[in-house]
C-alpha cells in the first residue's frame, strides 16, 4: 500500500492553525467592540441642559428676544444723541429724556440678560412675566411722555430732533413688546381675578379629604 498520500506536511498544519487563530481573534475583537459601543456612546453626546443661553425659554421666546435687543439699541442711540446736545433753553425736558432713555437702556439690558440665561433662577422672583410686563408698559409710557416733552422744547438742534425720533422708535418697540405679552399671556391682574372667581365655591381635593376625615371621626 502506498502511504505517501496519508503523510501530513508540518508546514501546512502550522499555516492552517495560524489562519484559524487569526480568524478567531478577529471575530472575538469585533464582538467586543460591538458590545462596548453602547457604553461609550452616551458619554460623547452633548447635553443641551448645560447650555448657558435659554432662548427660546418659558419667559422669553425668540421673537421677543430680538425685540428686546432692538429696544436696547434704540434706547441707547436715543441716550447717546441726547448727550451730544450742548445747549438748551429750558433743560428740564432734556434731563427728563436723558433719565428715561438711560433707564430704558440699562434696565432692559439687565432684564434681557437675566431672562435669556440661567441667572434669573438665582434671583428668588417667581413672577418674571409679571415683572417684565409691568416694566415694559411703564417704560413705554415714560418714553412717550419724555419724547413728546423733549420734542416740544428741542429748538432747531439736529441732534435733539434725531434723539426724539429714536425716542419715539423705542416707544413703538416697547409698545409692541407689551402687546405681544398681553396677547400671549393676558394681563396678570385679570388672570388672578378669573382664577379666584373660578375657585369660589369649589372645594379643593385637600379640603374634601379633610371633611371626609372629620365625618368619619
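Glycine is treated like the rest: Cβ placed from N, Cα and C.
Curation does not apply to TrEMBL; its annotations are automatic.
When the ranges 158-182, 183-207 are checked against TrEMBL, the one recorded as transmembrane segment is 158-182.
Averaged over the domain 'MARVEL' (59-186), the predicted model has a pLDDT of 91.
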